[in-house]
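Here's the structure we're looking at; comments come further down.
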Amino acid sequence: MAVPRKVAAFRLPPLPTIGEIIKLFRLQAQKQLSQNFLLDLRLTDKIVRQAGELKNAHVCEVGPGPGGITRSILNADVAQLLLVEKDARFIPGLQMLSEAAPGKVHIVHGDILTYKMEKAFPKHLKKNWEDEPPDIHIIGNLPFSVSTPLIIKWLENVSSRDGPFIYGRTQMTLTFQKEVAERLTAKTGGKQRSRLSIMSQHLCTVENCFIIPGQAFVPQPEVDVAVVHFTPLVQPKIQQPFELVEKIVRSVFQFRRKYCCRGIGILFPESERLKKTEQLMMAADVDPTLRPVQLSMSHFRNLCNAYRKMCDEDPSLFAYNYREELRQKKKLPKNTSHSEEIEEENHL
């Protein structure tokens with residue numbers, strides 16, 4: 001009786017190197033798009049390993065560029081790979097990879113910030129939110145210019161369980177500037193503690209996996225790069241709407257060097273600011289002399305819950321905009337930047 005042979009793992013056929021692809025299609029990283037190419041396939045393999053077991057998984061790669069990480073994903077023997085690339089110059093090189101992996105690759109020429117991911121994957125992959133994450137992964141070496149707005153967008157999707165999270169607790173493995181990664185993972189009291197820390201950690205388990213030195217990229221950026229892995233939590237640590245949590249956190253960190261009560265104060269019109277601020281701080285049981293970086297997740301949860309109760313009692317409160325009141329009071333032009341407003345306020 002013949003012994004069944006072990007099926008060999010999928011491997012791409014011999015292809016031009018990433019460097020050769022760049023030369024072949026005359027690709028140059030565009031500084032205005034903050035593009036940096038990662039040519040070392042050992043590093044791209046390491047990024048892909050951080051995503052977990054990808055055999056037979058469905059993967060979306062964001063901004064594949066010349067296709068370094070793409071090769072590593074395909075070599076992980078995925079079932080399907082969706083590539084979303086905004087820059088048309090990279091499409092021919094990606095099509096070469098698609099032809100080398102027949103039936104596995106779908107290329108979308110589009111902007112990930114506007115691409116509708118609700119229909120990106122087969123319906124049968126959907127899992128209940130309480131279950132283990134679906135066999136779906138998002139991976140990307142993100143341009144610096146898009147990384148922060150994109151993760152905020154996806155965190156909002158996590159909160160509402162739509163976009164790529166309509167399928168369940170989809171995991172993400174993404175690159176960020178080292179400093180941004182430190183903000184995403186900063187603990188209470190850390191100097192990098194920020195709005196990103198709270199917004200990401202109250203919705204996800206966030207892991208700073210490893211650092212890639214800047215010299216590994218072409219062209220070399222002025223900063224190092226970190227690989228960060230996100231797994232959405234079954235239950236958010238703050239069970240309030242995303243917009244409410246974001247408003248509280250943004251207000252607190254707007255004055256990160258001052259006492260936290262300073263940022264809380266701008267949630268309220270000037271005419272009742274002192275009274276309402278004291279009322280909120282007392283209801284949340286938060287020491288008003290703590291600095292923003294000293295506030296724990298429990299502090300923010302209490303602040304959000306107390307503020308929600310105040311908004312329920314006075315529905316007009318949530319619509320209040322501190323910056324608009326400041327513009328009106330100081331008669332600042334409508335195109336005045338946020339930093340100019342703060343500078344004007346501090347000066348006065």
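Just so it is clear, glycine is given a Cβ too, placed from its N, Cα and C backbone atoms.
Per TrEMBL, the features are as follows:
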- N36, L38, G63, E85, D111, N141: S-adenosyl-L-methionine binding site (BINDING)
- 43-234: domain 'Ribosomal RNA adenine methylase transferase N-terminal' (DOMAIN)
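Known features from TrEMBL, placed on the structure.
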residue	record	Cβ neighbours (10 Å)
N36	S-adenosyl-L-methionine binding site	21
L38	S-adenosyl-L-methionine binding site	21
G63	S-adenosyl-L-methionine binding site	23
E85	S-adenosyl-L-methionine binding site	23
D111	S-adenosyl-L-methionine binding site	12
N141	S-adenosyl-L-methionine binding site	26
Per-residue pLDDT averaged over the domain 'Ribosomal RNA adenine methylase transferase N-terminal' (43-234), given as an integer: 95
Distance in Å spanning the most remote Cα pair of N36, L38, G63, E85, D111, N141, given for S-adenosyl-L-methionine: 20
